[in-house]
Every structure is written in structure tokens, then in C-alpha cells.
């Protein structure tokens, strides 16, 4: 008996030693693999940059070929990984790396399908970038691009017929034109999800958030914030009716989206001149002052760099200045102007591509994009597999925390762009309302961008109802409708860049919620917010120059994706749960004012059903 026990112990010891030995080999394997993946992803990113900066057939072909090569390599890696019994290892870090590497994404598709997938998404993205429409006043002039010409009209025109003209043309060319490609994209997305052992592409995207209850959490947070959104919506409709009349804006119906200053009605701050609560009080808009002081895109980026370094965070490397595109090239080439930050997975090779204009909103966008860059720089010491955000929303939130700070009267005065501004109660409500037109209004929009695609990926909507399903969600969550009746002959969702380009959108919703959690914590650390001190309100907190806030950012950003996101959140502020409490706290004075004002003006809250999409 004793002999048997001894033999069993010897066998167990041998097995344990074998597992330990294999784990040591696995660690070495991962070190080499991470280096190889960084090198190959750098080559792929360079090709994507070349294409996004100069859209032509040659660059597209090269980009797709390199992506296909990387996909082939990733497939080989996935076979290799199966040799390791990584689920039984002691090291949580090694297990986490293997788990991440075992997700192939679209690379799981057979070679021909993967090539077709790349071509399909490229063609939708290219179509979006190249859309040109005809001038409202001159039908022979048909060379107007989204940026800057169409956006200029959408944000500034107050002629509802002119706005309708551009909306209809843009949606036809950016959306309807790519319906066949989009249908194929959904098929290939579903096929790839199943090859990765997910039931649909929706579950692939949600898996990034490492929490099976995440969808439900978001519904709950949105339900918390919805009453404030409905108050903002009701007030905006009331003010737009005063301007445009009952024939254009109904008393109780959804808002006509073409009147809201944005092609997708995702943010409404560009119509602040029509809906501001106290129109006689000047709104904070330093665009004219920036022009007067001779601001350039370069200066705007230098100021963003200064904000990060003021908090003891990392200075922008020389490669950034040498390789970024921060102004629209004047050589006539087509490019994706949509502002984006890029990590090239080498040391200090980070870039931004943005057709920057000298405006206040673009100053905030610069800080947002530099937030991505700061994240890249903070985690660039980590293995390749961890060189991404704790979850996709974290990446989006970082720069927005700075944008919240930069947009305060306190900061704009500090940098000499705002003079003699008196932040009394009326000016404060105006400011909060302006911020709500960006932040609160965006939440239902962001939610519907992915709720819509989830429903298609999951096969919950019949193809014959795809377009009306989109508008039904937009109406249900945002209370908006298109300016003209849409049918199933139209196809409008891909008229949003992220839908054409296969970019998951939940990250923005998550970002707009957690950025207020980050901001509140950073403001407390900076000694700039005290709930009991009216002299230090949350909505006028500037964290510029706070080393304590910078240290909190460093603690979180330097983790990359090496830990689950609740650990990263905890590293920043001790919390582990995403909550809407901070956003509610920020806007509390506005909520109180809006509720009283809407009652006083007998404003209808909520909206009746839209009749602007028919299946005919």
C-alpha cells in the first residue's frame, strides 16, 4: 500500500514538474510571439495609415494583402497555442495572454472569405470618404464633401429646406449606396463569430467588456439617465418650435433630426444659438478669439501636449510631430478626415490624423485624440497583447476627461482665450445645457448604433425590415426622426462612418459614462471639487497642473489590458463598478432648472410615434 502511495506521489511530482517546465517554455514562447506580433502589426498599421491618408486602389490593395498575411500568421499561432495546456497554469498573467491570443476575430475566416471581408469593409469605408453632393443653390456644382463643406452647412444653416436637401443626398450616397456590401458584411461577421465559438458578432463585441451582465448594466444606467435626456429633448423641441413653427416641429412628436446641427443628430451643441436657456448671456465660444490670436492646428496640439505634461504625464515624442497629419492636405488626394489616433507598436511611434480647423470644438477634439496617444505611451512597455485599453470605452474616456477640464471657463481664462466672463447662475445653466447637448444627447445615440447592429448580427430582424428597424431604435431611444419618409428602398445606417468602417460603438457610450467617474475623482484629487463647497463646483473644475490627478491616470493607463477593467478603474479611484451617479451629479443643477422651466412652459415630455419609415 505504502509503495502505491509513493508511486502516486512520484507520478504527481513528475506531472507538476512537467507543468512547471511547460509553463516556463510557454512564458518564453509568449515573449517571442509578442515581439513578432508587434513587428507584423506595425507593418499592417503602416499600410492602413498609407491607405487612410491617401485613398487609392494601389494603397487599398496593399493594405488588404498585408492584412491577409497577418490573418494567415494569426491562424498559425492559434494552431500553435493548442500545444500548451495554458488553462492549467499557475500564472494568471500567462493564462490571460493565452486567452487573449486565442481570439482570432475575423482572421478565423477561410482565406477567400477573409479577403472578401477586407474588400467589403474597404469599399464601404472608401465610399463614405468619397461622398460628394450637389449644392443647394447650384445643382451643377456637385463636389461638396462631408468635411468641411456639408458639415459647415449642417452646423450653421437655419434654412430647414436647405438642411433637408443635404441630409437626403448624403444618406443616399453614404448609406443606401452600400446596402449590398453591408448585407455581405453581416454574413461574414456572423461566420467569423461562429468560428470563434460565439453565437454572433454581438457577443464578440460584448466579450471585450469581460462581464456577462454588461448589456443589462448599460440598460440600467441608461434608464437612470433617461429622465434628464427627456427634459433636454422636451426643452429643445419647445425652443425649435418657437423658431421654425408648428409646421416644421410638432408639439409632441420626435425631433426632425436635420434641424439639430449634426448629420446624425448625435450631438446638438451647434444649435445652441437657437435653444440656449438664456440667449442674452454670452455662451462660451472661443473660436473667434482663437482665430484672432493666430491659433494654428500645430499650436492646438502643442497646448494639448502641455496639458498632459502639466500633470507629470508623458511628453509627445518627436515621431508624433514628424509623422502625424494634423491639417487636411491640399494636394487633392482623398483621405479619411475623421479624427483618429494611431499606435504603430514600436517605441514612441504614435500619430494622429485629423483635418484640424481652428475652432473651440476642434480644440476639445485635439485633447480627446491626445488622450488616446497618452494611453499608447503609458502602456507601450507592456507585451503586445496588452497594448490596448482596459476595455474599449476606457480608451475613449481618457481624452474626454481632459476635454471636460479644457472646456471650463476656469481653464479657458487661464489660457487667455476667455476674458471678463462672469459665471453667474444663468451663465452656469447655459454652460451645463451646452455640455448636455453634447454629453447627455449622445448617450441614446451611441446605444442605438450597437443595439441596431447587435440585432442584425443576432438575426433578430428580417432583412426586409432592416431600415425601419434602424429608425425605430433612433425614435425609441433618442426621440428623433428623419426629415423625409424612408422606406426599405433606402438604407441609412452606413451613413455613419463607424457603421461603414466596422467600428464597435459601445466604447463611446461606456466612455461618456465613465469619463464623469474619472473626472469627479480627478477633480477631488486635484482639490478642485468639493460637493459641500459651492465655490468648487464639479462643472467648473480644471485639473491642469495636478500631479495627483496625473498619478491616478498613470496608475490606470500603464496597466493597459493586463488586468480586467474593474482592476484598472480601482487603480484610478478605488471603485470597481461603472455607474451613472457622477454624470447625474455633474448635471444636477441643470436637471432642477429644466424640470421647473418645462412645467412653467407646459412642455410635453416624451414623444409620440414617428411615421417617417414605412416598409413599402
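From the backbone N, Cα and C atoms, a Cβ is placed for every residue, glycine too.
In TrEMBL, annotation is done automatically, which means it is predicted and not curated.
Over in TrEMBL, the protein carries these features:
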type	residues	note
SIGNAL	1-18	signal peptide
COILED	26-76	coiled coil
BINDING	209, 507	chloride binding site
BINDING	368, 372, 396	Zn(2+) 2 binding site
BINDING	368, 372, 396	Zn(2+) 1 binding site
ACT_SITE	369	active site, proton acceptor 2
ACT_SITE	369	active site, proton acceptor 1
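Taking the features listed in TrEMBL, we show where each one sits on the structure.
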residue : record                         : Cβ within 10 Å
209     : chloride binding site          : 22
368     : Zn(2+) 2 binding site          : 22
369     : active site, proton acceptor 2 : 23
372     : Zn(2+) 2 binding site          : 21
396     : Zn(2+) 2 binding site          : 24
507     : chloride binding site          : 23
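Distances between the Cα of residue 369 (active site, proton acceptor 2) and those of the binding-site residues 209, 396, 507 are shortest for 396.
In this structure the alpha carbons, written CA, of residue 507 (chloride binding site) and residue 396 (Zn(2+) 2 binding site) are 7 Å apart. For the coiled coil (26-76), the model's pLDDT averages out at 96. For the pair formed by residue 209 (chloride binding site) and residue 396 (Zn(2+) 2 binding site), distance between Cα atoms is given as 14 Å, rounded to the nearest Å.
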